[in-house]
Amino acid sequence: MSTTTLTRREQRAKAQHFIDTLEGTAFPNSKRIYVTGSQHDIRVPMREIQLSPTLISGTKDHPQYEENEAIPVYDTSGPYGDPNIAINIQQGLAKLRQPWIEARADVETLSNRSSAYTRERLTDEGLNALRFTGLLTPKRAKAGHCVTQLHYARNGIVTPEMAFIAIRENMGRERIRSEVLRHQHPGENFGARLPENITPEFVRDEVAAGRAIIPANINHPESEPMIIGRNFLVKVNANIGNSAVTSSIEEEVEKLVWATRWGADTVMDLSTGRYIHETREWILRNSPVPIGTVPIYQALEKVNGIAEDLTWEAFRDTLLEQAEQGVDYFTIHAGVLLRYVPMTAKRLTGIVSRGGSIMAKWCLSHHKENFLFEHFREICEICAAYDVSLSLGDGLRPGSIQDANDDAQFAELHTLGELTKIAWEYDVQVMIEGPGHVPMQMIRRNMTEELEHCHEAPFYTLGPLTTDIAPGYDHFTSGIGAAMIGWFGCAMLCYVTPKEHLGLPNKEDVKQGLITYKIAAHAADLAKGHPGAQIRDNAMSKARFEFRWEDQFNLALDPFTARAWHDETLPHESGKVAHFCSMCGPKFCSMKISQEVRDYAAAQTIEVGMANMSESFRAKGGEIYLKREEA
């Protein structure tokens with residue numbers, strides 16, 4: 001952990017330098033490849049990890065090698081992972097999806113912004129220095145049309161987005177020929193449907209059934225299509241955002257780029273401080289992944305932070321503002337009903353969701369039903385016009401182990417299931433948010449309740465944290481629960497950083513949270529038996545057994561840390577070819593011994609070899625461990 005503390009001015013200057021000097025960068029010994037589709041001129045970006053050959057025979061002067069296949073992996077970094085693409089944050093990313101959106105001929109360009117707040121911001125000359133210069137002219141559905149991926153799927157249309165996703169989810173595994181790499185243990189998928197090959201039609205079918213969503217606002221054409229669903233790879237979300245206390249636009253853009261580099265499948269902008277509108281514009285125009293928000297946070301800012309002063313009109317204006325900027329999914333706490341609030345009175349930690357507490361306070365102060373619930377159909381109409389997915393928020397999630405799986409939590413969950421059916425009437429895509437703080441033995445019930453009462457809509461959970469005793473390490477406590485619930489069927493995991501419960505995460509915290517959650521998601525994919533999930537593990541194990549250190553570093557989720565820790569004790573280049581590491585040394589390396597036994601057995605008959613080894617073992621006193629000079 002770094003002990004260097006920068007001033008606010010230094011932090012902003014450092015972030016600005018990062019943005020100004022940003023270039024497309026590949027991971028060590030990796031290259032960007034594009035897998036093409038058979039339709040729509042689709043090119044799906046992936047990262048291909050190049051591996052060194054294996055020494056199989058020969059002499060020191062004339063060694064014989066066998067090539068190792070390159071390993072393709074899922075890549076969320078967008079243009080930032082391609083050294084051949086010029087990056088300019090001031091201009092934003094290329095509009096990948098714009099031709100697809102326009103070809104459907106069901107959208108119209110707006111002559112003016114629908115949000116009064118947006119119009120006010122655009123005419124404020126005092127904001128010129130902060131404003132993104134290449135603003136898009138927003139689009140919305142033509143009258144009588146619906147532009148959601150769910151609408152297309154239900155009408156039997158395979159969109160370019162669906163075709164893109166099918167290629168992406170297969171992760172290039174069709175390229176792998178080695179039986180060693182293709183070997184995979186059977187999984188336990190708890191009823192999930194995991195086809196051997198993901199086709200565009202399968203993607204369409206899952207979206208049409210509501211079991212998966214494609215967050216893809218028509219006003220965020222820069223995003224690369226991805227899917228969230230139980231029958232696909234487990235995804236990870238990263239939260240960023242400023243607060244009234246700290247952070248700036250440049251720091252949040254830096255965190256966005258950093259998050260996509262380290263594997264964020266989506267990013268939520270949870271900004272609550274100044275310049276929320278301007279910060280979000282910079283993030284959207286430079287994001288290759290879907291962006292989510294919690295609109296009630298900004299609506300609260302518009303009424304000076306006084307929850308009682310919130311109105312449907314202010315909230316509706318915020319939805320229009322964000323939808324026309326390009327937000328891909330909204331977290332809406334419409335399930336926090338007035339009658340559920342008293343259920344939380346006996347909790348140890350009450351209501352811990354910011355959105356949930358805001359709506360609970362509004363309900364109690366007015367003694368009226370939650371206006372998000374009352375106006376839910378109007379919310380759906382707005383979402384359908386821009387293809388904004390709904391993430392139905394768990395405002396009553398447990399904030400402590402003691403409060404897990406209580407009546408308030410599940411009452412809200414059942415209401416979210418009812419709201420899901422309403423959203424589907426409007427062809428609006430839906431996922432369900434989940435806890436929270438749940439001990440391990442109580443986690444699976446959360447998944448089974450969600451599948452039953454929310455009609456198999458994708459589940460999206462914050463962890464859950466499996467213990468409350470580790471502030472500073474809650475990425476660990478929650479990573480355990482995340483791996484478990486991902487295995488049980490959760491579609492997306494919201495990361496937790498080391499700063500959870502302690503402060504706003506910085507760039508390094510974002511990385512630590514993401515690495516932890518990529519481990520959890522991958523472990524869940526392995527346990528489910530997702531086709532091809534074990535290829536990278538097999539490649540790593542083979543490299544480890546063959547002492548190909550460079551390949552071990554490069555196959556790691558974090559190559560830089562793997563290399564740095566190896567080099568702490570074996571920094572010289574000779575350490576990169578040594579047949580041991582500093583853990584055991586040359587005499588006690590189990591893999592080196594295994595190789596020697598294997599070579600010995602290959603040179604002689606098994607019976608003779610075992611007899612000789614047995615005789616040698618007895619001659620040396622029958623001891624498992626020997627002093628170095630005896631060995």
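Glycine is no exception: its Cβ is also placed from the backbone N, Cα and C atoms.
Taken residue by residue with DSSP, ASN239 (substrate binding site) is part of a strand. Annotation comment: Swiss-Prot describes ASN239, MET268, TYR297, HIS333, SER353, ARG354, GLY355, ASP394, GLY395, LEU396, ARG397, GLU433, TYR460 as substrate binding site, evidence class sequence analysis.
Neighbour density for HIS501 (Zn(2+) binding site): within 10 A of its CB lie 13 other CB atoms from the protein chains shown. Residues or ranges marked as Zn(2+) binding site by Swiss-Prot: HIS437, HIS501.
Sequence annotations record features per position, and here Swiss-Prot assigns [4Fe-4S] cluster binding site to CYS581, CYS584, CYS589 based on sequence analysis.
Summarising the substrate site geometry, the residues cited as binding it (ASN239, MET268, TYR297, HIS333, SER353, ARG354, GLY355, ASP394, GLY395, LEU396, ARG397, GLU433, TYR460) extend over a maximum Cα to Cα distance of 20 Å. Put simply, HIS437 (Zn(2+) binding site) is 13 Å from GLY395 (substrate binding site) when counted between their Cα atoms. Here GLY355 (substrate binding site) comes close to VAL294, ILE296, TYR297, THR331, HIS333, VAL336, GLY393, GLY395: these same-chain residues lie at least six apart in sequence, with C-beta atoms under 8 angstroms from its C-beta. Under DSSP, GLY355 (substrate binding site) is assigned to a helix (H, G or I) in the three-state scheme.
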